[in-house]
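Asks: Pulled these from TrEMBL:
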{"type": "COMPBIAS", "residues": "42-51", "note": "compositional bias 'Polar residues'"}
{"type": "DOMAIN", "residues": "70-106", "note": "domain 'RING-type'"}
{"type": "DOMAIN", "residues": "123-183", "note": "domain 'SIAH-type'"}
{"type": "REGION", "residues": "31-55", "note": "region 'Disordered'"}
Amino acid sequence: MDLDSIECVSSSDGLDEDEIHLHHTLHPYSLSHHHPELSATKPRNGSNNSGIAVPTATAPATSVHELLECPVCTNSMYPPIHQCHNGHTLCSTCKTRVHNRCPTCRQELGDIRCLALEKVAESLELPCKYYSLGCTEIFPYYSKLKHEALCNYRPYSCPYAGSECSAVGDIPFLVAHLRDDHKVDMHTGCTFNHRYVKSNPREVENATWMLTVFHCFGQYFCLHFEAFQLGMAPVYMAFLRFMGDENDARTYSYSLEVGGYGRKLIWEGTPRSIRDSHRKVRDSHDGLIIQRNMALFFSGGDRKELKLRVTGRIWKEQNPDAGVCIPNLCS
């Protein structure tokens, strides 16, 4: 689908409609944030000047940390840790990459496990690698990886759906990245009114475009609208994602409405966190899905042009655990 031919006319919070022409250039943007891992042993009890015990963390000897670092990939090693006949170690992943040759002395590697180093690793407790981002948890060496894969402080991936963007960072960074690098439209307010126009809607192919980021209740939300094939049927889909973690996303709800000529489709749901990939949300059909024929019916005319108006709003649940939806007005 030719994204340059899509016109989006939008308004927010009662404002007059503004005409917006989309010219999205799907360029990859690569940005990686490296957060050095802080290493520490199990916290020991210390005392301050008042004599009250306070937890402290002591960094292990550099030599221990270096012993657990694979010389090939420089990542921390986990069992099985292999060694050559001269005692040089490396991780199991890199053992296959070096074709059974020690990268240090070039001697042939056998199937020797370095059990002593594995035991040393068991005695260590280390902080999460996202310590600098706010995580204060300390974990046994072998539990750390599992936690870091799910840590609430880990960086977010770029939620832009139109390219394989590798940018990662916190929410303020991603908001600026979406605005400056992907040229995404930004709106303030908890209601929206979009009109999607496509001159030749029968040329439906897999295509994605994200039109708007909304700022309301002090949070950011991504509104997606796209066309794709659902089986053999061409469909349009609109859904909302929350720029934050899943637990926070569940405290909000949203509605989407599309219709015309006395007919109406309404969707109400909870925004998905951007921790869930765009494809995962789309493939779960968690949003407003409109068949092409219905969308063209709502568009009116001779059904040769898509003119689809989607309205919606976002509200915050007063008590999400109670299962009762009580919308608040946006301030």
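A Cβ is built for glycine as well, from the same backbone N, Cα and C atoms used for every other residue.
What you see is a predicted model, and the numbers here were worked out from it, not measured in a lab.
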Asks: Per DSSP, what is the residue count of the domain 'SIAH-type' (123-183) in each of helix, strand and coil?
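Replies: Split by secondary structure, the domain 'SIAH-type' (123-183) comes out as 23 helix, 10 strand, 28 coil.
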Asks: Summarise the domain 'RING-type' (70-106) by DSSP state, stating how many residues are helix, strand and coil.
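Replies: The domain 'RING-type' (70-106) comes out at 6 helix, 8 strand, 23 coil.
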Asks: Across the domain 'SIAH-type' (123-183), what does the mean pLDDT come to, as a whole number?
Replies: 88
